[in-house]
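Colleague: My questions all concern the structure below.
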Amino acid sequence: VTRGDDFTFVSTAVKYLLFFFNVVFWAISVVLISIGVYARVIKHAETAMAGLTVDPAVLLMVVGVLMFLLTFCGCVGSLRENICLLQTFCICLTIIFLLQLLAGVLGFVFSDKARNKVSQLINKAIVHYRQDIDLQNLIDFGQKEFACCGGVAYTDWSRNMYFNCTPDNPSNERCSVPYSCCLRSKKEAVINTMCGQGMQELDYLKAGVHIHTNGCIDKLVNWIHSNMFLLGGVALGLAIPQLVGIFLSQVLIKQIKDQIELLTYSLQHRSDPLG
């Protein structure tokens, strides 16, 4: 089969589709890095997050930088038709996909250990509740949304120095719980932020008249079990772009290799027309 000198195996559609695919995620990586820098440097939020296993601001920056480097390889590799960069992009994306898959399987198999880890994070967040307004708002939102209080039970708030129930605690909030634990009626025009006062001194039944007594861990686990299809959809939504990136990069790599073979054959044929 005779082909013209301008023939190429490399599809323009595949090439630029992979490029724009990476541009979108490159932009997302810049946003993640910006948010992480804002939270870490401008807000100086490290004091509240010091007790947590991973600082969310640092995690955002790390994820953003890795995504930036990965999408940079994809962008340049597709535009320059560079096999090395495209293979780096494809291998890294495959590793990330497999790690996510492994994490999902391990989280399902070792659900008890995952539960204990979540419990530790919630307890540490309770300890640092008053040290950062954003962390405080996050906990309050979670307790309102899931209608819960504390990690395992409402008495977990004694871990916080302000809500601690020891007799020598001078805090005005001694033995209390945050207002986000309180049972609220839609008829209330004004929120009583002191409704959790002294609730830890009451037993489970008496406290249950005024506040949510069940912990957030059980509520979170129940929510996960009842929203498996939603979480599966989210996981699928994260997996599809990665699989698309892997597929497009593999197609482009194959086309570039075919083009190199064609050029090599053409050069050999021209230099040895009788061969």
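Every residue gets a Cβ built from N, Cα and C, even glycine.
What TrEMBL shows for this protein is this:
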| type | residues | note |
| --- | --- | --- |
| DISULFID | CYS148-CYS181 | disulfide bond |
| DISULFID | CYS149-CYS165 | disulfide bond |
| TRANSMEM | 16-38 | transmembrane segment |
| TRANSMEM | 58-79 | transmembrane segment |
| TRANSMEM | 85-110 | transmembrane segment |
| TRANSMEM | 229-253 | transmembrane segment |
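A description of the local structural setting of each listed feature is requested, covering burial, neighbours and distances.
Modeller: With a 10 A radius on its CB, CYS148 (disulfide bond) counts 23 other CB atoms from all the protein chains.
Proximity of CYS149 (disulfide bond) to non-local residues of its own chain (separation of 6 or more, Cβ distance below 8 Å) is seen for GLN143, TRP157, VAL177, SER180, CYS181, ILE211, HIS212, THR213, ASN214, GLY215, CYS216, given in sequence order.
Tertiary neighbourhood of the transmembrane segment (58-79): same-chain residues 15-16, 18-19, 21-23, 25-26, 28-37, 39-40, 85-86, 88-89, 92-93, 245, 249, 252, selected by CB-CB distance under 8 Å and a gap of 6+ residues from either end.
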Colleague: Using a Cβ-Cβ cut-off of under 8 Å, list the residues of the same chain that are 6+ residues beyond the ends of the transmembrane segment (85-110) and lie near it.
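Modeller: For the transmembrane segment (85-110), the list is 22, 70, 73-74, 76-78, 235, 238-239, 242-243, 245-246, 249-250, 252-253, 256.
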Colleague: What residues elsewhere in the chain lie close to the transmembrane segment (229-253), defined as a C-beta under 8 angstroms and at least 6 residues from its ends?
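Modeller: Answer is 10-11, 14-15, 17-18, 21-22, 25, 74, 77-78, 81, 83, 86-87, 89-90, 93-94, 96-97, 100, 104.
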Colleague: Highest CB neighbour count within 10 A among the disulfide-bonded residues CYS165, CYS181?
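Modeller: Selected residue: CYS181.
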Colleague: What is the interatomic distance between the Cα atoms of CYS165 (disulfide bond) and CYS148 (disulfide bond), given in whole Å?
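Modeller: That comes out at 20 Å between the alpha carbons.
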